[in-house]
Amino acid sequence: MGTLSVSKIEENYLYTGCMCGIYGFIFTFCLYKNLSGVTFPVIVAVTIATAFMFLKRMGITIKKNFYIYAAGMLLLGISTPLTMSKFFHFFNWIGIILLFMSGMIQQVNEQGNWSFQKYIVSILMLAGKTIASVCDPLIHGIRYRKKRGKKESRYFKPIILGCACAAGLLVIVLPLLVNSDKIFAVFFGRFTGWFRFGAELGVILTFLAGYILMYAFLSGISALNIKEKENVKQLSLNSVGITFSGILAVIYVFYSAIQILFLFLRFESGLPESVTYSQYAHAGFWQLLAVSIINFITVLICVSIFEENKILKIILMIISVCTCIMTLSAAYRMILYVRAYHLTFLRVLVLWFLGVLLLIMVGVMLSIIRKKFQLFKYIMVVLAVCYIALSFAKVDKLTAQYNVRHWDQISEVDMMHLMFANSLDTAPVVVQAAEKAVGDPEYWDGRLKQYFQWIQEQDMSLRTWNFSKASAKEAAEEYLR
């Protein structure tokens, strides 16, 4: 199996540079003023293909898990043009980048048994090296020219001169050809229609962003050289860990008992006076969420810095079980609150996060029992599968449908929220909501006409086509007939 190095990139500068240049052109076509169109999955697929060709060129044997990460990236890419939610557009980007970085790191990790902390450090280091490598296309190009200048000067200068002459001649010839034939003008106009005068700078900057980022990433991954330290010394002061975690465990057991008795089993006599269950549920939710996250981090730190000890393991398992109870308590509190006040986008995200946290804690408990358990890979699978499912769920639309079904009457504030605070995913639901809206039907008919006319005015070409926007336009067309 080959290894990556910066010197290999410099030796293959022409190949890598041309590959990144082609990537930059496709990046520009797919993403210029179009971050959520049907071309988004295309650039994701091209990103995967570019990495694949690079690894092959460098002599790296591609592991099977690379295809799993690639599948996750493609699914997130496909989900992007299916929604108009800015939240999912942003976090789909984050998810794709993290999957891409993790997949590439595992290609250069020959041991394959890094700890959770080592993977996190590697991702941060790769991000840092990528940022530090943004000038590498220029630096490597200068070095390559110095090394190969004598051999290739007889080809390089004539090629550049030929391209310059062709560009100069086309400036004169193309306008003549466009004016000479209307059919050619139509086809040429369609091809270049999205390049408008004054937008050239934006196009160039987009191309440079795609080219430089890909080259910098490949240079950064080539410079990444992290090895798992053998025989890492752990703290032998297990008494510190046992005392520290033991005190926490006692408090958590007592707290968990209260959750079981007064929240799950509903011993209502234990509630303070004039406090309803919805108020009780909402009051401690965020605090419980924070404690659950702190416990997750605490257990990871204890496992990594203290020597193996049966008593410590038992205590950490107790803390983990109590954390699961706290997470369930927080989820149950949120469900009680939703029953009283219905759904919002944030409440759905919170419930999703609590479910993910519960699954992660199961992995943490397995890592306590089995030291060689691949916690990072487990967490990546959980996060990827759960987030991909969430990104395809169209949370805005589901939330709107749930609320419309459960609202007896819909206030003007709620209607305005449905129409303008959510994404266009909710547009097909707005008509149903208007039937329950409080007020004059003619007033709402006028407001809906304004809303759907605004939707119809939204630009959408073949390149920027988005399923959610298309569905909203279809609903608008049907209403305005």
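For all residues, glycine too, the Cβ spot is worked out from N, Cα and C.
The transmembrane segment annotation in TrEMBL covers 12-32 (among others).
The annotation transmembrane segment is assigned in TrEMBL to 38-55 (among others).
Here TrEMBL flags 90-108 (among others) as transmembrane segment.
Taken from TrEMBL, the feature transmembrane segment covers 155-177 (among others).
Annotation source TrEMBL lists transmembrane segment at 197-218 (among others).
Residues annotated as transmembrane segment in TrEMBL: 239-265 (among others).
According to TrEMBL, the transmembrane segment annotation covers 285-306 (among others).
Feature annotation from TrEMBL assigns transmembrane segment to 311-332 (among others).
The annotation transmembrane segment is assigned in TrEMBL to 344-368 (among others).
When Cβ-Cβ distances below 8 Å are used as the criterion, the transmembrane segment (375-393) is approached by residues 72, 75-76, 79-80, 82-83, 88, 91-92, 95, 99, 102, 114-116, 119-120, 352, 355-356, 359-360, 363-364, 366-367 of the same chain, each at least six residues removed from its ends. Annotation comment: TrEMBL describes 375-393 (among others) as transmembrane segment.
Counted as Cβ pairs under 8 Å, contacts with the transmembrane segment (12-32) are highest for 197-218 among 38-55, 197-218, 239-265, 285-306. Within the chain, the transmembrane segment (197-218) has long-range Cβ neighbours (under 8 A, six or more residues past its boundaries) at 9, 16-17, 20-21, 23-28, 31-33, 47, 50-51, 54, 130-131, 133-134, 136-137. Using a cut-off of 8 Å between Cβ atoms, the transmembrane segment (239-265) and the transmembrane segment (311-332) share at least three residue pairs, counting only pairs 6 or more apart in sequence. For the transmembrane segment (38-55), the residues of the chain that approach it from at least six positions outside its boundaries are 16, 19-20, 23, 26-27, 29-31, 62, 66, 70, 73-74, 76-78, 80-81, 96, 100, 103-104, 107, 214, 218, 462-466, judged by C-beta separation under 8 angstroms.
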